[in-house]
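Just below is one structure, and these are the notes that go with it.
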Amino acid sequence: MTLIEDARKGVVTDFVKKAAEYEGIEAEKLIRLISHGYVVLPKNVRREEVQPRAIGMLTSTKVNANVGTSADYINVEEEVEKAIIAQKAGADAVMDLSSGGDLDAIRKRIMEVVEVPFGTVPIYQAARDCHRVVDMDEDDFFRVVEKHAKDGVDFMTIHAGVNWVSVERLRRSKRLLGVVSRGGAITIGWMLHNEKENPYYKDFDYLLEILKEYDVTISLGDAYRPGCIHDAGDRAKYTEFIMLGELVEKCREKGVQCMVEGPGHVPLDQIETSVRAMKSVTDNAPLYLLGPLVTDIAAGYDHIAAAIGAAIAGMAGADFICYVTPSEHLALPTVEDVREGVIAAKIAAHAIDLIKEGQRERARQRDYEMSLARKNLDWERQFELSIDPEKAREIYSRRKSESEACSMCGDLCAIKLVKEAFERD
């Protein structure tokens, strides 16, 4: 019995109770949302301890951090440190996207330090295990999914929405960058070389059988996410939206939790349309977005471009933000890049929660308490309430004022001046 099937029977497990407490909502309300597929609560049956993180309607906006090796840079312990730092900075989930080294050993090592939901993209390993990507057979697509499920992976990105219809849309498109999704590119390359349908799409029911056995949440990958502003909102992307909506229905029918992934690079004026379209065609499935990045020229600062897009997407209904680091488009991120990426995404997530139904009051209470601390010039309380207490404290201490205010205004602190004026009046 999967968690979504339990929810449909009204069963409130201890795990659900903990998740509801974390979200500040009633457990009965949470299981209703899970039962409809509006919220997912990822947890593989083989993982004993996972901090509950509900994703979707009425729940707080969550942040995912990607870690993992590349073929050019394999330092497992650095990736472990990234996973630790990401969680310390507030990441609600961690994904291992390793593509270099002993992928089984790396995945298991990173999982040892991850306490929140843990995700992977299995096709990366399937591709690495073969001499050439196109040499995979159809069974390879599924064997690797089962391997990850047995290892305890809580959620997996699988590009099941790619099929011949969408490939033909891509072929006729005027895209500048084509496909920028690694999983999508692997799948499309395999299809074109072997002249066969995507196994994940063709045998989706079989895929769901594997996932259901371990209660793995499927994250339906967006192979056609736009990789630049020029490519945003084209027919290939919307074709995939529709396919993903149909797959969401199948997931719910089979009792498998699912969420849907989205773009990408999107200009500000298209974000709301894109998000609302995805929410509509997927019947309010939890929406997991990479950014979206609102410009292509922010190299070195793409975490900021992504946070801007994420905040706007959250206003329209996005539920889960995949962080972007300053190294995006440039290099494998460092530990510090990971921390900065999580912080930027957490700022966007909190900004979303300030207006999100079910979370607004709780989120605004924190801002209210910060304002009180500023009114009282209570610096320790301000540090405590900050997204990044360590950095706030370090900056304040860098140039201290002789007054109780900060060194920006010193004895001309506006709050202090007006307060003292009223006290003298």
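Using the three backbone atoms N, Cα and C, a Cβ is placed for every residue, glycine included.
Taken from Swiss-Prot as is:
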type: BINDING; residues: ASN66, MET95, TYR124, HIS159, SER181, ARG182, GLY183, ASP222, ALA223, TYR224, ARG225, GLU261, TYR288; note: substrate binding site
type: BINDING; residues: HIS265, HIS329; note: Zn(2+) binding site
type: BINDING; residues: CYS406, CYS409, CYS413; note: [4Fe-4S] cluster binding site
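Location within the structure of each feature annotated in Swiss-Prot.
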residue : record                        : DSSP class
ASN66   : substrate binding site        : strand
TYR124  : substrate binding site        : helix
SER181  : substrate binding site        : coil
ARG225  : substrate binding site        : coil
HIS265  : Zn(2+) binding site           : strand
TYR288  : substrate binding site        : strand
HIS329  : Zn(2+) binding site           : coil
CYS406  : [4Fe-4S] cluster binding site : coil
CYS413  : [4Fe-4S] cluster binding site : coil
For the [4Fe-4S] cluster site given as CYS406, CYS409, CYS413, which other residues of the same chain have their Cβ within 8 Å of the site's Cβ centre?
SER401, SER403, ALA405, SER407, MET408, GLY410, LEU412, ALA414, ILE415, LYS416
Count of other CB atoms lying within 10 Å of the CB belonging to TYR124 (substrate binding site):
21
Spacing of the two Cα atoms, ARG225 (substrate binding site) and CYS409 ([4Fe-4S] cluster binding site), in whole angstrom, works out to 46
By CA-CA distance, flag whichever of SER181, ALA223, TYR288, CYS413 among the binding-site residues is nearest to HIS329 (Zn(2+) binding site).
SER181
To the nearest whole angstrom, state the Cα distance for the pair TYR288 (substrate binding site) and HIS265 (Zn(2+) binding site).
14
Cβ density check for TYR288 (substrate binding site), other Cβ within 10 Å (all protein chains) comes to 27
Show which residues of the chain containing ASN66 (substrate binding site), separated from it by at least 6 in sequence, have their CB under 8 Å from its CB.
VAL94, MET95, LEU97, CYS322, TYR323
Taking the Cβ of CYS409 ([4Fe-4S] cluster binding site) as centre, how many other Cβ atoms lie within 10 Å?
14
Over all shown protein chains, what is the count of other CB atoms within 10 A of the CB belonging to ALA223 (substrate binding site)?
29
